[in-house]
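As recorded in Swiss-Prot:
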type    : residues       : note
BINDING : 10-17, 101-108 : ATP binding site
Amino acid sequence: MTESNILLTGKPGIGKTTVIKRTVELLSCSSTGFYTREIKRGDPRVGFEIISLQTGERLPLAHTDFTTAEDRVGKYGVKAENLLGFLKEINEAMTSNKPQCLVIDEIGKMEFFTPGFHETVDKAFQSSYPLLATIMKKSHKFCDYLKNRGDTDVIEVTENNRDDLPEKLAKRIEEQL
């Protein structure tokens, strides 16, 4: 069986998001979902923003300035509600008949605060569409469940493979459509 779900994992800063973005650029089909990018103020990282692959819309997900946020991961306050519109795009894509790749960057602690996140991710894994996602490396009940699915291939991004992965992944995704 060909694994239709691809999970990229690896150390922070190794290039998982870069692999996602380059893979999406190589695809001839459309992609629906989002990727996450660091927000920097000078050199230090002060937060993360989420960017829609469909519309280019950008919203902050977590920031050191979100001091009153109830949800927190380390020094970052999390605005989980900012992810809701991006989840809606993925849910709508799963009801269409359009050939496409679903993209979720990232399945991790900050995103878990968003109502409906677990359900949308689970539906994406069960859908007929190829899924390309990044996932936290550390053990977590939901993440371990996803990593151990029979229809999922977990690939660790390293300095040795990160430059070659986008072309290989794009070819594999195109073959599934």
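Quick reminder: no glycine exception, Cβ is built from N, Cα and C everywhere.
When secondary structure is read from DSSP and collapsed to three states, PRO12 (ATP binding site) falls in the coil class. For the binding-site residues shown (ILE14, CYS101, VAL103, ILE107), fewest C-beta neighbours within 10 angstroms: ILE14.
Of all the binding-site residues listed here (GLY10, PRO12), the one with the fewest other CB atoms within 10 A of its own CB is PRO12. The Cβ neighbour count for ASP105 (ATP binding site), using a 10 Å radius over every protein chain in view, is 25.
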